[in-house]
Amino acid sequence: MFQFVLAALLQLSLGLLVEAAPVSAQGTNWQGPTGGGVVGFIVLILDIVAWVEIVKSNRPPLNKVIWALVVFLFPLVGMLIYYLFSNRAAHNDSGYEAIPS
């Protein structure tokens, strides 16, 4: 069940990424920012790292889903909240080391 929810979140994030890509209409020149650029890509990578860390933690499944939704719905702020307030050291398995904050 949890893997299904995680797969759905990842597919939704990729779908939103495609929708956020700039599209130009024929005959008009599109001008302006390009939908995130390097900073947006860095935030996406850090969000994926947070999701992997959430999935590998030994939290109860409901807490994993809640943290994954917080990081998914609020990419920058949710990631910062997770890294600052989630008590990651107490919830990591012995199989991997948490990213130091």
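Even glycines carry a Cβ here, placed using N, Cα and C.
Per TrEMBL, these features apply:
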{"type": "SIGNAL", "residues": "1-20", "note": "signal peptide"}
{"type": "TRANSMEM", "residues": "35-54", "note": "transmembrane segment"}
{"type": "DOMAIN", "residues": "45-86", "note": "domain 'Cardiolipin synthase N-terminal'"}
{"type": "TRANSMEM", "residues": "66-85", "note": "transmembrane segment"}
Helix, strand and coil counts within the domain 'Cardiolipin synthase N-terminal' (45-86) (DSSP): 36 helix, 0 strand, 6 coil
Local confidence of the prediction over the domain 'Cardiolipin synthase N-terminal' (45-86), expressed as mean pLDDT: 87
